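As recorded in TrEMBL, the features of this protein are as follows:
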- Ser38, Arg43, Lys64, Leu65, Ile66, Gly91, Phe92, Pro93, Arg94, Gln98, Arg161, Arg172: AMP binding site (BINDING)
- Arg128, Val137, Tyr138, Thr201: GTP binding site (BINDING)
- 128-163: domain 'Adenylate kinase active site lid' (DOMAIN)
- 37-66: region 'NMPbind' (REGION)
- 127-164: region 'LID' (REGION)
Amino acid sequence: MGASGRLLHAVLMGAPGSGKRTLALRITKYFQLQKFSSGDLLRDNMLRGTEFGVLAKVFMDQGKLIPDDIMTRLTLHELKNFTQESRLLCGFPRTLRQAEALERVYQIHLVMNLNVPVEVIRQRLSARWIHPSSGRVYNLAFNPPKAVGLDDQTGEPLVQREDDRPETLTKRLKAYEDQTKPVLEYYRRKGVLETFSGTETDKIWPYVHAFLQTKVPQIDQKASVTP
């Protein structure tokens with residue numbers, strides 16, 4: 001429940017490479033919010049071969065963005081199962097149409113936006129490698145795998161996503177900015193947007209932690225803000 005005694009529906013936004021995944025894990029470790037990741041949901045549906053997963057794979061195999069209506073239907077279909085829990089949405093909404101569709105059925109009380117310099121993101125993403133089937137992320141600069149090029153848990157090869165390669169990053173970040181600027185303005189007008197600026201998750205986290213203390217009960221009231 002939120003600090004006011006009601007369910008809290010929050011959204012975490014930020015460009016690719018801004019540290020959303022790491023920050024979301026810290027938030028859900030210390031606060032009574034359950035993480036809801038559209039990326040995890042999408043991977044799960046693709047692995048299980050559901051209707052949504054098959055549709056999404058068609059577009060991804062063609063190198064295209066998954067259309068708004070598919071992502072919206074998938075996300076809202078899943079969210080209806082979590083009406084009695086406070087949630088932290090990550091990766092959705094990304095467009096104004098998604099935000100408007102979400103608001104019609106699932107009121108958002110708080111949006112946290114991560115503002116990280118573009119050059120920092122470029123350096124971070126160019127060093128990022130992932131384990132495709134699980135979504136585990138490694139960074140050669142500050143979170144390298146134990147064995148070069150291999151996932152710590154399975155030993156399977158890591159890959160660099162095509163859109164993390166330096167030659168595609170500029171277009172990708174510009175596309176994110178174009179898509180989400182209207183979303184941020186939408187939530188700003190509603191009075192629920194809070195922006196946190198910085199170059200590293202460790203520097204942003206204390207401010208996020210202090211802010212959420214006024215909004216959401218902590219899991220452990222004595223928990224330190226240290227990760």
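These residue numbers are counts, starting from 1, taken along the chain as shown.
Using N, Cα and C of the backbone, Cβ positions are placed for all residues, glycine too.
Unlike curated entries, TrEMBL annotations are predicted automatically.
Within 10 Å of the Cβ of Thr201 (GTP binding site) there are 20 other Cβ atoms, across all protein chains. Cα-Cα distances to Arg161 (AMP binding site) place Arg128 within 10 Å, out of the binding-site residues Arg128, Val137, Tyr138, Thr201. Counting residues 6+ beyond its ends, the region 'NMPbind' (37-66) has Cβ neighbours under 8 Å at 24, 73-75, 77-78, 89-92, 133, 135, 162 in the same chain. Counting other Cβ atoms within 10 Å of each Cβ, the lowest count among the binding-site residues Ile66, Val137 belongs to Val137. A simple Cβ count within 10 Å picks out one of the binding-site residues Phe92, Tyr138 as the most packed, and that one is Phe92. Sequence-ordered, the extra residues of this chain that approach the GTP site, with Cβ no more than 8 Å from the Cβ center of Arg128, Val137, Tyr138, Thr201, are Arg21, Thr22, Arg124, Asn139, Phe142, Asn143. With the fewest other C-beta atoms within 10 Å around its C-beta, Lys64 stands out among the binding-site residues Lys64, Arg94, Arg128, Arg161.
Largest Cα-to-Cα span within the AMP-binding set Ser38, Arg43, Lys64, Leu65, Ile66, Gly91, Phe92, Pro93, Arg94, Gln98, Arg161, Arg172: 25 Å.
With Arg128, Val137, Tyr138, Thr201 listed as the residues that bind GTP, the site has a largest C-alpha separation of 15 Å.
Across all of the region 'LID' (127-164), the predicted model scores a mean pLDDT of 89.
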